[in-house]
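Heads up, the thing below is written out as structure tokens.
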Amino acid sequence: IIITRVFLLTTSVHCFNWIFTNYALLDLPLHSIWTWLFSLLVVEFTYYWTHRALHEFNILWAAHQFHHMAEDVNITTTIRDSVVDLFIYAVFPLPLALLVPPPCLMVHIQFSLIYQVWLHNSVVGNLGFLEYVINTPRQHRVHHGKNPYCIDKNYGALIMIWDRMFGTHQTEKEKILYGVVSPTPKTYDSMILQFGYYRDVWRKFCKVEGFWNKMWALFKGPGWAPGKPRLGDIKDVPEVDYSQPKYSHDPYIADWKKVYIAYHSIVVVLGFYLLGEHPYLRFSPEKGMIAILYVVYLLTSFGAVFDNRSWVAPLEISRCLAYFLFDYFLIYSVQWPIGPGQHLLLDILMWTTRAAHLVSVMFWLGYCFRQRTGTESADTDSQEYAVVGKGVKDMESET
């Protein structure tokens with residue numbers, strides 16, 4: 001997600017500059033306070049309608065629902081976005097470059113994103129008169145609730161003016177349960193979590209009859225069905241059950257899996273921190289795409305480990321082997337602009353990582369062998385049990 005954000009930010013800067021340079025309708029002075037105030041208002045206005053569209057169009061909700069699957073509202077929820085969601089947020093503001101200088105736009109767009117970090121918490125309470133103007137954690141908690149009174153409310157980022165003007169503002173009332181109304185996929189596979197809802201959209205599209213109903217299955221709300229209002233009937237949203245477990249998917253995960261995933265995750269974070277500072281990757285779209293694909297591969301494999309998939313061993317073996325190719329082309333063959341002492345530290349770190357991946361390959365090979373042996377033993381036991389059972393039945397029939 002972070003790599004995608006960086007890629008989209010770079011692309012947005014170029015697009016804003018190109019549109020403004022060639023097609024600007026206004027020539028607002030960059031150093032005027034009124035230009036900056038106008039920029040703030042139009043950026044927030046665009047964000048409001050973009051965010052609202054993500055909730056009110058089923059095909060767009062398929063991208064945004066990953067953010068709302070979070071059953072806690074904390075700082076990590078801020079960065080829980082799908083790749084398509086980020087792309088939509090990057091594309092919708094592009095026409096603003098017809099009216100506002102790109103530096104103003106980029107400052108306000110990035111400030112809006114940073115501001116939303118603190119909105120995702122369950123600690124800050126009522127901030128009084130400030131809640132009439134700016135967005136606050138208390139108001140944003142409503143947006144993440146699956147209580148009927150919380151559905152499709154409070155879309156603003158920095159200010160709450162547009163919600164109050166367009167009738168989507170809602171204050172916090174009874175206790176809120178967070179998450180989505182539809183069942184959350186019981187998996188840790190990030191690909192299923194990010195893109196699985198598109199399958200539901202497709203099934204709904206195929207199920208309804210008639211051209212316009214098929215179009216409405218895409219471009220009306222997630223709760224729409226033939227004969228219902230555009231956004232669905234709010235009466236269809238079930239009342240929350242406070243007696244149910246907090247998390248819809250909370251399986252037992254062995255400690256060794258947690259340690260294993262934690263180690264390899266730290267390796268990835270450190271690796272991309274180092275690579276992110278290197279011009280070899282920073283200014284190479286091809287290398288950046290390789291890095292993104294490897295991370296997708298890695299997250300899918302990690303999800304399989306936690307989900308106890310039957311094919312987790314071959315997947316992890318192939319992932320660990322793929323690491324060596326990734327290592328060779330993006331790390332080993334790169335000239336690092338660092339001192340001799342830092343080279344020694346980098347070599348120790350990298351050879352430790354390589355050894356860990358090699359050990360991981362051997363571990364999963366042993367895991368495969370153990371699983372196969374265990375299966376064969378179980379099959380043998382079953383066959384012996386069947387033979388004994390048949391003998392007992394024969395004796396009983398003779399008797």
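Cβ coordinates are placed from backbone N, Cα and C, and glycine is handled just like the others.
For reference, TrEMBL has these:
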TRANSMEM  7-26  transmembrane segment
TRANSMEM  32-50  transmembrane segment
DOMAIN    36-168  domain 'Fatty acid hydroxylase'
TRANSMEM  86-109  transmembrane segment
TRANSMEM  115-134  transmembrane segment
DOMAIN    258-326  domain 'Alkylglycerol monooxygenase C-terminal'
TRANSMEM  259-276  transmembrane segment
TRANSMEM  288-308  transmembrane segment
TRANSMEM  320-338  transmembrane segment
TRANSMEM  344-367  transmembrane segment
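DSSP assignment over the domain 'Fatty acid hydroxylase' (36-168) gives 88 helix, 3 strand, 42 coil.
Counted over residue pairs 6 or more apart, the CB atoms of the transmembrane segment (86-109) and the transmembrane segment (32-50) come under 8 Å in at least three pairs, which marks the two as touching.
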